[in-house]
Ligand SMILES: Nc1ncnc2c1ncn2[C@@H]1O[C@H](COP(=O)(O)OP(=O)(O)OP(=O)(O)O)[C@@H](O)[C@H]1O
Ligand SMILES: [Mg+2]
């Protein structure tokens, strides 16, 4: 499936702007972004509920622009499931087969297989209001799957469930998708969900695509400041570029401390004198008392030492999280060895040059 | 506030043991006691007593005469056929109308909505009147334009008139039902491969079935109880309400009239009960917040065109109806001499007192209804009363009683005996008050539900007595409910016919009753001028209401 230059305006505001996206067969893609960034609108344009102002949706080489929703090879699972309240589970699931002129016996077989696949065997005669949230979710999924869509669309299908259920269904859903080899576009604003399920994630902000990459790439090589800030925790420190030399970028924090970053082929390469933002993950910063030489991380040359002062500390069980004041900015630092007494006061943070990303400061 | 659905509020029965405590508290509060006794007395005397009398009045002889008469069986069958036909057609038309109004891509909806509400705020018999003007023996369309000699009197005419007069009731109920359907369900149907017709057949329509049944029962109640239209256009096709009327005015056989009332009341009561108790719980509520930005599914162009055409035809017909009434009022002799004249208006507005009486009585009744409804709502809902469930029931009961039946019941009860007040203006005003009480009471109750008991309790805590709490805290908060009850009662009272026709006397003649007499004798000019006058006063009152409330409160969806 390919989206080309997809654009939708409501009034003067762009809900989605010039969106290009390519989804390979059998791939599980998450649309991720903050509320109101245009995820649902994108999905609805793919399903055909919303007419794009520009751009096209192409599936299997076929442009769907003039194809109405009921003839598209897509099927959507709604956020609140939209199960028909006046039909039993069986009728709900079989609903899409009626228009496909599937013979009765064949239809019954397929619905039965679907019930079995999703563990709904005993619930066929119930009405939606007699089902739990998780069961409703599975019925909605079955109703879409039974029509054998080329692309399955899901709009925050787990957001109405409690946390435990969400994690369980997440795994089930992903396994099912892999087993069926189903091309899937999954909308969520929960980054953990996206990171754990997706083959690739499309991060959106204010209607525009920010980055489209694997979860690993996204986390470790965010393409811009928004993605760096949005995915996981990140520290953003303003600095100035002094010199670019032999694969290294020499920088200076606002309080004069020098920091060296490795030049990132995929990242931004500043010119000397540019204002930039350094981004560092809390887990890449290793704290040590000021007078002690930094631990194993300090394999000389590529590691930076930054001074700061601990102003806060949270014990979170698996890790200790410090709030450290560096160059008048607050920096989060995670320490994974929590057996010791922890550090306080003036400390030194060690960070490998390769773990620092650089973004232009606008 | 809905104009057509006085829903009985749910009153929790007081647990045992509470009653005696309630009684003790009442004695300690003399004002509460006095007001409560007053409310109870009014409800018992004017609602319960006459209703019971209708059942007690006929003796075995009346019943055997009724059951043994082939003519009465004909009347009963006529009524059933007429009710069934009109209810089905009015509900179906109302559904299509409401469906069209619920679609986003149909133009001109505000106009069509107003057209669908007009019949609710004008005298229902206006439609019958205009049918005769347009399609009657000397009808403008049939006789003048087409040269036909058509007879509209009878079942076909009545069927058409009642369909047009009561489809708005179905529209009112069903727009609410359709509005509550989540667009996501239609989209889901679309996504799973169904076109417009498939979705309509498998999703939209089945989901609306409880609403349709509810609307149908309500329409049935109105059609069954309707009196003015059958009197005007049914001709020799007798129905129960008209037959009861003739039993009273023709032979003054109150026993037989009472038997007919009971026959009328049984199905009406059944419809009322079914509609409230059973269907209300069966509706599919499909509102969900999540998919709220989803617009309704677009309608295909041919369907859109058809629906738009239907809206135009029905609304055009409605316009024609009202235009013909005004035209009739301005024409010298309809069907004979088409010269324009103001003489009918002059006669009805200036010389005859009917319209003035109607207006005056409706104002008094509107005021009385609003005061009593708000008072009753407060004391029945918020004060520890003995038998409040019963009082609550009595307050909404008049909504289930056909007008003809109440009228005859009052005639039986107040013609002789301790409270012989027939022939006075008082009884007419009282009748108007009682008949509009259920809706006023319900609007008072729903206003109270929004206020919450803590406010009233805190006022009491600070030392206010019941009446003072009511005056200083509740009344200001219930002002909107009060205004709405007043206007509703005014509009309904000024146009009412079926009950008051039994109670008016030469000194207290009403416009609606006069119109019937004038029409019966072919005085079309005067009849239509009076009807036009009624409508003008009504519309003016509604405009005033809008002005007073700044459009915040909807009355008849206007
Ligand atoms: N029917 C509509 N009319 C007007 N504006 C709309 C409509 N639908 C969406 N929008 C606007 O378009 C923007 C994108 O909305 P969209 O529903 O796609 O966001 P989303 O990413 O799904 O957000 P969420 O995570 O809250 O569901 C929002 O600013 C929204 O207000
Ligand atoms: Mg959304």
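For all residues, glycine too, the Cβ spot is worked out from N, Cα and C.
TrEMBL entries are annotated by machine, without manual review.
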Which residue range, B:199-225, B:226-252, is the one TrEMBL calls transmembrane segment?
B:199-225
Looking at the ranges B:392-413, B:458-479, which is given as transmembrane segment in TrEMBL?
B:392-413
Counting a contact as 3 or more Cβ pairs under 8 Å, with residues at least 6 apart in sequence, do the transmembrane segment (B:392-413) and the transmembrane segment (B:481-503) touch?
yes
Go through B:31-49, B:80-102, B:156-178, B:199-225 and flag the stretch with the largest number of C-beta pairs under 8 Å relative to the transmembrane segment (B:307-330).
B:80-102
